[in-house]
Amino acid sequence: MTTLPSDQTKRFTVAISGASGALYAVRLLQALIEREHKVYLTISKPASLVLQHELKLAVDLSHFSVERLVGRAAPHVSYYHYEDVSAPIASGSFPIDAMVVVPCSMSTLAGVASGLGTNLILRAAEVTLKERRPLVLVPRETPLGIIEIENMLRASRAGACILPAAPAFYHDPRDIDDMVGFVVGKVLNQLGAGDHRFGWGKGA
């Protein structure tokens with residue numbers, strides 16, 4: 001991976017909530033770290049349980065190790081506990097380029113759609129929207145009921161990008177890693193972090 005020039009690196013808030021699909025979050029973090037973007041990370045309590053179940057990672061949110069999560073050094077990642085609403089990313093005056101919630105649970109989606117700020121994830125999402133900055137929500141839930149669909153509509157009308165964790169197959173994925181990489185590439189594009197490997201017609 002080629003490191004970006006310093007004037008092209010960006011600042012992103014990454015929130016991991018308690019939906020299935022923890023691997024999407026880990027792969028996204030790895031991609032942002034490889035590009036040396038600055039990342040502000042927060043993880044919900046349910047997300048820590050999903051990480052343990054799906055990736056066999058025991059996560060202590062009070063003594064969290066980013067390096068253990070991503071499997072490499074992460075000097076440009078700052079971690080904040082989900083209850084720490086005094087963290088910099090809870091303020092609209094703190095400059096970031098974009099925020100992503102990956103994966104985005106339906107309860108987190110409901111909180112974003114309702115403008116709640118009861119934890120750091122929701123507060124950071126709220127200020128991202130009010131400051132007119134890009135907010136990407138990556139839901140994985142299926143099937144969707146009318147409540148979830150209406151919450152997606154409300155969040156979208158407020159300015160969020162709803163990016164379902166729905167891999168495509170036109171790039172002839174060889175394994176799960178390729179399928180995860182497709183979704184992560186879509187997220188990177190929405191964040192303005194650039195990844196066009198799986199665009200339609202690539203290699204044509």
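Counting begins at 1 with the first residue displayed.
Heads up, the Cβ atoms here are built off N, Cα and C, so glycines get one too.
Just so you know, TrEMBL annotations are computer predictions that nobody has curated.
FMN is bound by Gly18, Ala19, Ser20, Ser44, Ser105, Met106, Ser107, Thr108 in TrEMBL, and the record lists one more residue there from Arg72, Arg140, Arg154, which is Arg140. Under the three-state DSSP scheme, Lys186 (dimethylallyl phosphate binding site) falls in the helix class. For the pair Ser107 (FMN binding site) and Lys186 (dimethylallyl phosphate binding site), the C-alpha distance works out to 23 angstrom. There are 15 other Cβ atoms within 10 Å of the Cβ belonging to Ser107 (FMN binding site).
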